[in-house]
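Novice: According to TrEMBL, the protein has these features:
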- B:1-22: region 'Disordered' (REGION)
- B:1-20: compositional bias 'Pro residues' (COMPBIAS)
- B:37-59: transmembrane segment (TRANSMEM)
- B:87-294: domain 'ABC transmembrane type-1' (DOMAIN)
- B:91-111: transmembrane segment (TRANSMEM)
- B:123-145: transmembrane segment (TRANSMEM)
- B:165-194: transmembrane segment (TRANSMEM)
- B:215-237: transmembrane segment (TRANSMEM)
- B:273-293: transmembrane segment (TRANSMEM)
- B:325-347: transmembrane segment (TRANSMEM)
- B:383-573: domain 'ABC transmembrane type-1' (DOMAIN)
- B:387-409: transmembrane segment (TRANSMEM)
- B:421-443: transmembrane segment (TRANSMEM)
- B:449-466: transmembrane segment (TRANSMEM)
- B:501-522: transmembrane segment (TRANSMEM)
- B:552-574: transmembrane segment (TRANSMEM)
């Protein structure tokens, strides 16, 4: 459906970096630094009907990628195509194709919603139909019918004549969505659409968004820095960092099998234990750490002797007052140093040797700091990541 | 662009172009013909033309005569007798007026923002005055009040201090009138400065044990110093450029400054165009230095941002026993700037001939002057011309500047900074210099508009371009780029986006700019005086002519009509503006 190949977008570096680069050039050093890579060789493919999420911290290039797809930024090179229509193509010697944003026919929801304050709800939604070329513009009656249908779907039908600025935050969000899908675009772009809402509303709209996307079957690209949102909504997630896609996969895959320390850290919380690969045993890897030996089921094949990090999710750590007597693998002893009640769970921080391991248990478990405890970690729930 | 580009979005992929070279050519041609390219290029060209061509011709006319390059005019003018006095008078007048306006304006602003001074509503009535009473009427009103022969104040005070106590026709009189007329502008500037200052800065000084006066000296004054310096520079430049006061008050006793000397040089026979040009360039040079200095001060002032961004309501300082004193001062100021000039105009307009008020004078009051005005065909023409020029130039400037603001703020077109700079060039050019430059252009150019209303329209558009630009840019900055981008993504072309999204959203700012330009164009005198020709006078010119003819009573009636027209225009424009602007509540 959407294919992106080798997309590159650079920005002019700020004045200071530029002058530094200039002096570096005068000294005969490398001169690559005058431009900053916002998007650095990004490729991915989105299938029909998917909800595809670009996830990453601010400045990782996710919004620039989205704006390049929309046609609001002009990339330096690469190829963007939706279906069999090439929207952008440049950089490998052929003549540049760069379709203007208003001819791409995509839908987009902006972070601020960008509701036009001088128009009514109806006019906001009708605008994309009204500005079509005369030959393709539907008649007045048809526009009204299509707008009203979309407003009904968004439960905004009763507000059609209202001034757009008089809507609540959630209603504005639905209005922005209605405007983006009224033309039935092949692709819907969403730029952090929930970030302006308060926590409660965000949660309810998240499910609403997922339901709508499924019912309407619109292929969507969703940009967010909120990992919870990404995990809840997406069919696929591309985690971005410094302009590059560092991992791409289904939400569960990315959560349980982060392929780098960055991904494990950015999505959820994790304990990181440094160690060295001691041996392979079927699909399990044995890792020697300073705190003891760990067995990890891992698809990542690291050679024996190489350094590695074991990423342990707090909920994968089982805390117990009694030991198994050495029958269970991955059992460590330590002392509880801290305890925090979070409502729906309890976190214990346990000191094992020099390392501190965070555990998350159901709220019924509560152990005094100072108590000696046993920690058990299921090899299936641990993951091995290479040292950065 | 919708007209030229093929392939509707939802159909087959674009057919491959035949070859790279021809396709590039076709693309260039296609992009050149887009409405966006045409409009943007057209606006940029017009701005460049308006801003730079008069300057070029002014330089050319000053430095070139029939034999080629010459410094003759410069030498002639700047070695003439009395040139030292001229420059001295100009600077004295300019600094004096700036200082007076600064002291008055800053005191009033501080009293208004920071103290519990009485009669606060009067302040804002007083600050509207420079917009409602044009400089020429203001000056004439002060002649009625304080001329040694006919001044009402002199007549009132004669039993106490002897005849002709006040003489408005001196450099002190000039400074008084100009400074007082400029003081509301300083007031507005300084109110903004005091308002943006976080009062907790002062409060913490008080908590540290400083007295009120020490706090003012050590905290308040240094914090608003950038605004004070900027005001004094701006007011100095404005006084230098002022034409009404030096022409009406100074010429009487032969006190010449740059502007009146330029006017005098052009009025004498044969007119010395190159000599006037040389004087104009001297004036321009001083004005440019002033503007550059005030910009530098403005830049430095960003170093201590006093705005904290959070809403605060400063606790007003209790003036205590000085409160009545301050109240009396406010009343006096209001009387001097608003009541007395307006009252004397109305009074004079009702007299058969000018006399000091007496029972006799009030008994014989008549509306004859207004009747005479109605029969004076020139008056109707002048009112019509002023309306045409005001509305025409305000509309044109705001439309062009909305596109220019888009170029500067939103586009990534190379050279957009030049458009910005070009649009601000006329701000530095004194009105009289601009008038001279424009007359040089159209005396030489084959475009036959010399002696028509068009040349005045061009002059007004040029003079008010910077103000229009400022309004348009400010409101453009307030519109989030996403509002425009979302229209673009929705399929709207550049022109559709501009017309349906940007223009409506800009309209409050554009209307504010329109009102401003409309009102200031009514009082415009210094450019018009060099460009008008008999038959296309505007109101301010007609008043100037009546003054020269000595028909004071008709003039006063005309002034009253002019002020009323302005009041009506401003009111209507505000009402309309409120209607088409964003509905906010």
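Cβ from N, Cα, C; glycine included.
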Novice: Counting only pairs 6 or more apart in sequence, are there at least 3 Cβ pairs under 8 Å between the transmembrane segment (B:552-574) and the transmembrane segment (B:325-347)?
Specialist: yes
Novice: Is the count of Cβ pairs under 8 Å between the transmembrane segment (B:325-347) and the transmembrane segment (B:123-145), pairs 6 or more apart in sequence, 3 or more?
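Specialist: Since 3 or more Cβ pairs under 8 Å link them, the transmembrane segment (B:325-347) and the transmembrane segment (B:123-145) do come into contact.
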Novice: Residue list, the transmembrane segment (B:123-145) vs rest of chain: Cβ under 8 Å, 6 or more residues beyond ends.
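Specialist: Distant Cβ neighbours of the transmembrane segment (B:123-145) are 108, 112, 151-153, 168, 173, 176-177, 181-182, 184-185, 187-188, 242, 244-245, 248-249, 330, 333-334, 337-338, 340-342, 344-345, 348, 354, 516, 519-520, 522-523, 525, 540, 543-544, 547, 552, 555-556, 559, 562-563, 566-567, 570.
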Novice: Among the recorded stretches B:91-111, B:165-194, B:387-409, B:421-443, B:449-466, which has the greatest number of Cβ pairs closer than 8 Å to the transmembrane segment (B:37-59)?
Specialist: B:421-443
Novice: Let me check one thing: do the transmembrane segment (B:501-522) and the transmembrane segment (B:387-409) come into contact, meaning three or more Cβ pairs under 8 Å with sequence separation of at least 6?
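Specialist: In contact, yes.
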